[in-house]
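Some features that Swiss-Prot has for this protein:
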BINDING   22, 79, 119, 453  (6S)-5-formyl-5,6,7,8-tetrahydrofolate binding site
BINDING   225-230, 244-250, 269-272, 334-337  GTP binding site
BINDING   225, 244, 246, 249  K(+) binding site
BINDING   229, 250  Mg(2+) binding site
DOMAIN    215-376  domain 'TrmE-type G'
């Protein structure tokens, strides 16, 4: 970690009512003396002139000084809050840079200083960027929850439980005559099962948080001419796909990225699924299945004029059986304008069934509300936290080590191997908060931040 004193504009570039220059590091007091003529009283707003080297006034505004470690970065911090014209701010940065030993901050470097000085853990630092980039109230609230430590608290709790269990197992190993009794008395198994249950809950919440941040991938799939492209157009609000009465019109994957009340949704229209000898259509169908395998949700599009069935296993058992076991399915019975079906929403064999007319728009709004609900949209904006893909991967890795540990306990009564799996689980979880994290990963994370954060 560098000990350089860094400076950057903390407000967005361009014209604004207020512009803020932030300085962090040991030389912040030197900057204060050079630009202000004095060091402001700690944590007090000091209205004063900002002067150049000749003593001429560049601007007037508020100076704030925070003495480390009681600051955002943990270093001495000086903020100069002046008028928001870009020329004025550039002049002020130029003046600050005349003080020996300063340099311009890299993107995210103020937050990186805070992380390195234990003012934030890595999930909280990432939440700052997520809060800035939030595209909905739900995403903003979830990012704020992460910034305030909701995600971190759950991870720290898991790490503590895993560590305590590991110490208990290692204590049993230290007394080999009693090791088997320790491993078979039920206490370790009960603790391990409790941790597994806790981790499952955190994984579910994290997956929801990832969808709020990154969006949900929804694949529209079904037989040819079921109305898949019409539904894509209805959801997108524009004519993205060509629609004809000819079965097999869509031969490739079509993508649309939309927002429902600010929440990102990635909709994918696919070629109609059927047996075909057409080479191009075959490639399109293969691509459709590739998209289905990585989807968060499948909208199973059914032409309501061809069947009255609502159970997806009855409609097309081969299609349902081929889907990944963990993939959620929503049945969409289309062409309700022709069948005269009631637009009610029902449940069948564990699946939601929607009746719509993609052509006229009947029932599409209800389907949008359903998709918002699946993405975690909450009108009361309570609860939840933001999660990133790296968090999900770390949680999956931790879970796999726990499962291997259970096997070592239940099948082999192997205390040393159980302890090792618990150690690996602990390390995977600790990577989330940054306790065990490579410099390359830190660089990648913080370089995506705004300059000045």
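All residue numbers here begin at 1 and follow the chain in the order shown.
Cβ coordinates are placed from backbone N, Cα and C, and glycine is handled just like the others.
When the alpha carbons of residue 22 ((6S)-5-formyl-5,6,7,8-tetrahydrofolate binding site) and residue 229 (Mg(2+) binding site) are compared, the span between them is 51 angstrom. Counting every protein chain shown, the number of other Cβ atoms lying within 10 Å of the Cβ of residue 335 (GTP binding site) is 22. Around the Cβ of residue 271 (GTP binding site), a 10 Å sphere holds 26 further Cβ atoms from the protein chains shown. Among the binding-site residues 225, 229, the residue whose Cβ has the fewest other Cβ atoms within 10 Å is 225. Residue 229 (Mg(2+) binding site) sits 9 Å from residue 271 (GTP binding site), taking the Cα positions as reference. In this structure, residue 22 ((6S)-5-formyl-5,6,7,8-tetrahydrofolate binding site) is part of a beta strand by DSSP. Considering only the binding-site residues 22, 119, 228, the Cβ with the fewest other Cβ atoms within 10 Å is that of 119. Look at residue 225 (GTP binding site): DSSP puts it in coil. Residue 225 (GTP binding site) and residue 79 ((6S)-5-formyl-5,6,7,8-tetrahydrofolate binding site) are 62 Å apart (CA-CA, integer value). Rounded to a whole value, the Cα-Cα separation of residue 228 (GTP binding site) and residue 119 ((6S)-5-formyl-5,6,7,8-tetrahydrofolate binding site) is 50 Å. Distance noted between the C-alpha atoms of residue 271 (GTP binding site) and residue 119 ((6S)-5-formyl-5,6,7,8-tetrahydrofolate binding site) is 51 Å. A straight line from the CA of residue 335 (GTP binding site) to the CA of residue 119 ((6S)-5-formyl-5,6,7,8-tetrahydrofolate binding site) spans 57 Å.
Taking the Cα atom of each, residue 225 (GTP binding site) and residue 119 ((6S)-5-formyl-5,6,7,8-tetrahydrofolate binding site) are about 57 angstrom apart.
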